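**Q** Below, the features straight out of Swiss-Prot:
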- 1-18: compositional bias 'Polar residues' (COMPBIAS)
- VAL135, ARG142, PHE143, SER292, ARG329, PRO556: acetyl-CoA binding site (BINDING)
- ARG356: active site, proton acceptor (ACT_SITE)
- CYS633: cysteine sulfenic acid (-SOH) (MOD_RES)
- ASP647: active site, proton donor (ACT_SITE)
Amino acid sequence: MTEQELLSAQTADNAGTDSTERVDAGGMQVAKVLYDFVTEAVLPRVGVDAEKFWSGFAAIARDLTPRNRELLARRDELQMLIDDYHRNNSGTIDQEAYEDFLKEIGYLVEEPEAAEIRTQNVDTEISSTAGPQLVVPILNARFALNAANARWGSLYDALYGTNAIPETDGAEKGKEYNPVRGQKVIEWGREFLDSVVPLDGASHADVEKYNITDGKLAAHIGDSVYRLKNRESYRGFTGNFLDPEAILLETNGLHIELQIDPVHPIGKADKTGLKDIVLESAITTIMDFEDSVAAVDAEDKTLGYSNWFGLNTGELKEEMSKNGRIFTRELNKDRVYIGRNGTELVLHGRSLLFVRNVGHLMQNPSILIDGEEIFEGIMDAVLTTVCAIPGIAPQNKMRNSRKGSIYIVKPKQHGPEEVAFTNELFGRVEDLLDLPRHTLKVGVMDEERRTSVNLDASIMEVADRLAFINTGFLDRTGDEIHTSMEAGAMVRKADMQTAPWKQAYENNNVDAGIQRGLPGKAQIGKGMWAMTELMAEMLEKKIGQPREGANTAWVPSPTGATLHATHYHLVDVFKVQDELRAAGRRDSLRNILTIPTAPNTNWSEEEKKEEMDNNCQSILGYVVRWVEHGVGCSKVPDIHDIDLMEDRATLRISSQMLANWIRHDVVSKEQVLESLERMAVVVDKQNAGDEAYRDMAPNYDASLAFQAAKDLIFEGTKSPSGYTEPILHARRREFKAKN
């Protein structure tokens, strides 16, 4: 059975047990909950006729489904050819012969002629501002609102509440405010100001008063007045210019707001009255329908579409409670200042939003066409677009894009022919909704091996709508393992970080982006910092991403965005990109194609046990939340109780790693099962405080989560590209049906 046949069988099983109430729309059978939302809430708001919409939607689905199937069959065909090659050429790989083979089968394609992308009408957050990017599950309205509002964040809070400030020398966090810790935060903030907006001849640490004189920032120390070294760094203020409430500064296109309030507890203890330093933080945010959510049916998908629609209308709200107080969270308004020339200056109060659709693989029961589930990527393209139309309306004061663009991230594409299919799909959606051509911008995730080695060709397939490329090391590692499953046993998971292909892959993404003209038109992005609690370490290490030429990189939280934003004040990314362009492109292809097989497999029994336990614990800790709680992205304690941000990409690596080691007899199926059972006890203990949690041990056969974990590992060589979605979706739907 091929990988695609395995997936089709699971899809058919799901469709066969369908009991969803449906409405006929354009010849499609649409789940009533989804139909009602789109027809009653969305279409009247965006001025689209319902009959025209549903019939046009059905035409797109019918026309493009065969091509979607062909592309998936092509994945299967290439994988079988590669598997056969490795079986017939075991041992040391002849790199030149291997590359010739990949060209012969069409895995490697000709590089396109020298040309640059032509994208127009992109917002400044993408074209000319370098800064952090959040990724947030769209099914959680609170998370979505917090992320959209994370455009601005308190540096003091981010420092005080994390390990960015050590809890030594009396600086413990504690339950009450600790002035010793607070002072260390203030000192850190002053050093930061000295680094990025220095005064000419003085330190911010010595300033006694800030105000505005002669249209410039004045920093008073005794009887002396000091100005900024770079006078252009001052942008504006609020309040009275002699006693301002806020002062706006800027470096590298990012803003810093000094908030002054001598009555505030923090401001009262500061000689300048400075109560906080607020940083422009999450410049862009991806609202995610993919790896960070568990959306398996019409109810789940409709919730996501509804939240996305509310973000675009500006009307999404969520009632919350904190410390016994109930309040309503809603989207922040824009920020208004008096500019340095005395006129009003308005800055965006919210993060610019992308939406991540699913890839080309999965089908979803929300809509049936001729009795078969619709390809979810086609459904997402149509429905996330129609829900985004209010976000480009000029009359909407809370609109998302000032340039009239809708930004869609398309993940898990294998090579330029699949990117071309996305371009065709987006064009059809624009025609359906009477949107100007190339209104839909695309973010191409460089997270599958066939895209990495054909990145230039993939970019040029969407040359008129490309808004970003981004490395996704986690998924990319999963595909690295699965593609070369038959080549031999892979190095340990931690050693993938230093394997030759990895750095070459990261370099190639930046180099291709620069050579194809992305700077000034599109983002070149890098991946996630997953260790949510280790912010000191993030401050130390993640600055490497802007230094490598990435003008955005992923962060796991608004707090992480604020701290990572400091890096973009310290590094002028666009200058780095100019230097990289001048240096010329690095020759990366040979290294990208260097398969990370282990030179030998003589690990000790303890090392093998450690690798099994780490992966089994990671898999179980994530899968149990996914299958039984519907949580697609969560902080999961690892085997050492360090919280890691886990999503399906991390699951893909761990399951493929173990599948590979079983395949090559590094470990046995029985050893892995024994590790799974021991780690289930560990995960049960880690979740002991959750009343809704169901133990996996000792009744493993009754736990759908445990069974899903087993499937992911033991069926890992058969799962399409090593993807986890088919198994997760099937088990989640089974759990929902039984509960």
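Cβ from N, Cα, C; glycine included.
Mind mapping these onto the model and telling me what they sit next to?
**A** Around the Cβ of PRO556 (acetyl-CoA binding site), a 10 Å sphere holds 24 further Cβ atoms from the protein chains shown. PRO556 (acetyl-CoA binding site) carries neither a helix nor a strand DSSP state and counts as coil.
The DSSP secondary structure for ARG356 (active site, proton acceptor) is strand. Less than 8 angstroms from the CB of ARG356 (active site, proton acceptor) sit VAL135, ILE286, MET287, ASP288, PHE289, GLU290, ILE408, VAL409, LYS410, PRO411, GLY443, each of them six or more residues away in the same chain.
Under DSSP, CYS633 (cysteine sulfenic acid (-SOH)) is assigned to coil, being neither helix nor strand in the three-state scheme. Long-range C-beta contacts of CYS633 (cysteine sulfenic acid (-SOH)), restricted to its own chain and to partners at least six residues apart, with a cutoff below 8 Å, comprise PRO137, ASP288, ASP291, SER292, VAL293, MET645, GLU646, ASP647.
DSSP assigns ASP647 (active site, proton donor) to coil, not to a helix or a strand. Summarising the environment of ASP647 (active site, proton donor), the number of other Cβ atoms within 10 Å of its Cβ, over all protein chains shown, is 26.
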**Q** Can you tell me whether DSSP puts ARG329 (acetyl-CoA binding site) in helix, strand or coil?
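**A** Where ARG329 (acetyl-CoA binding site) sits, the three-state DSSP reduction gives strand.
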**Q** Under DSSP, is VAL135 (acetyl-CoA binding site) part of a helix or a strand, or is it coil?
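**A** DSSP assigns VAL135 (acetyl-CoA binding site) to strand.
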